[in-house]
Amino acid sequence: MPWVEPEPGPSPEQKPKLTKQDSATGPEWYQKSEESESEGNQPPLGPLASPRPPETPGPPALERDDAPLPEGDDASSPRPSVLDDAPLPEEETPEPRAICRHRHRCHTDCLEAPLSRAFQWLGWQVGAHPWIFLLAPLMLTAALGTGFLYLPEEEEEDLEEQYTPVGGPAKAERRFVQGHFTTNDSYRFSASRRSTEANFASLLVVSYSDSLLDPATFAEVSKLDGAVQDLRVARENGSQIQYQQVCARYRALCVRPNPLLYAWQENKTLNLSSISFPIYNHGGHRLYLTGFFGGRILGGSLGMGHLLLRAKAMRLLYYLKTEDPEDSVQSKQWLTHFLEQFTNITNTLALKKIEVVHFTSLSRQLEFQATSMTVIPVFHLAYVLIILFAVTSCFRFDCIRNKMCVAAFGVISAFLAVVSGFGLLLHIGVPFVIIVANSPFLILGVGVDDMFIMISAWHKTSLADDIPERMSNVYSKVAVSITITTITNILAFYTGVMSSFRQQMFLLQPKRK
């Protein structure tokens, strides 16, 4: 019998390293494969994870047909069978995964998360009960809007009180001066001793010629002075306020608006070509002309001053009583009447040699109020333009996604906020300051910005959801950011309240009677 060489056994290095667990249950990867197959899923295939053939009775499985033959064997030689003594593939160790089940994390949404849930609930309520949230703001605005009944129609504003610091050192120094250097406008008025601005009316007379130092020009100036001093204010009780009642006095006479003009009115033969400047000696009385003449041309030295050759302009100052509150009120009434009648006076006199301009202590305040009142027509125009812009921006050709009406109501909502806020402040006794007439523009801009954000979030919701669910989604996503930006705006405006300027506070002492 021929001798057959036995098959070489596997070397020790190629013997599989099986554990007791592997021999009993099979490799772990094979178990996972069976579990995946049992769940109906395709198990992951790897270099060693080929699908297991179905178990059928019969001879043991042989090697695959495409397995390489050992060296030295030809194609006709039989292939060795792979039985129990065949080497098993080494188990591939799976890569560890980063699983941190008990890892502590720092939550930074401790404020945003509860706010989002709260606004989500609010949005659901708004979508579920729309009429309540539509009618309630209207009723609240109507109730707070009654505060406009306390809006003063003609209340004068003190510009010094509003546009100077409350505790400024200048006011403390002025109180010190007033305590040590008293004045008396009713008997010994002196403009140089005034520590506060007095009530006054100022006329600047400019000559059409090179100089007004001639009798004809002085005659027209004298007519103008007489017309101003003849003004009378009719009061509600039938009495009148004359200039002699409200003028600041030096001893028994009203302070003269121009000392040289007064000297010429007393003596019209006065030689105006021999006037010395700045001090003129008239009948033993010194007349101080500084500040009363402009465009001066001086000549040689003459007595206590230089000869006044020419003067282009002359100033007339009408000082009124200021210290006593009742006299100050009457003085302001006379000044208001003066401003109303000044144009009629110049037209009636038909002045030919001089041109006249005027200024009073009330001019700045009245012009400031007039400028602020011009904002009211622009306010209505601005609302119309913003409504048109908002409606146009939210227009869509799709009737479902078109939000023109929503944009219009968004602008109306900002208007209701203005009425409610102003009415509430007037109810609690905060007086109206004219400068706040410009604030509705700022409030309108802030409110319209938030409206666009909410409409944008509404477009991103699903059309298949119902209205309460879509509203809750919108509120949960954008209401938190709107709230934060609103809080920053409140803090920014609060810095104005803390300012030492009352016109920025908008919060003066209550003056309601």
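Cβ coordinates are placed from backbone N, Cα and C, and glycine is handled just like the others.
In TrEMBL, annotation is done automatically, which means it is predicted and not curated.
Just so it is clear, the model here is predicted, and its values are computed rather than measured.
The compositional bias 'Pro residues' annotation in TrEMBL covers 1-13, 44-60. Per TrEMBL, the feature domain 'SSD' maps to 375-513. Per TrEMBL, region 'Disordered' is recorded for 1-96. The annotation transmembrane segment is assigned in TrEMBL to 370-392, 404-426, 432-453, 474-497.
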For the domain 'SSD' (375-513), report the average pLDDT of the model, please.
80
Under 8 Å between C-beta atoms and at least six residues away from its ends: which parts of the chain pack against the transmembrane segment (370-392)?
404, 407-408, 410-411, 415, 434-435, 437-438, 440-441, 444, 448, 451-452
Structural state census, the domain 'SSD' (375-513) (DSSP three-state):
104 helix, 0 strand, 35 coil
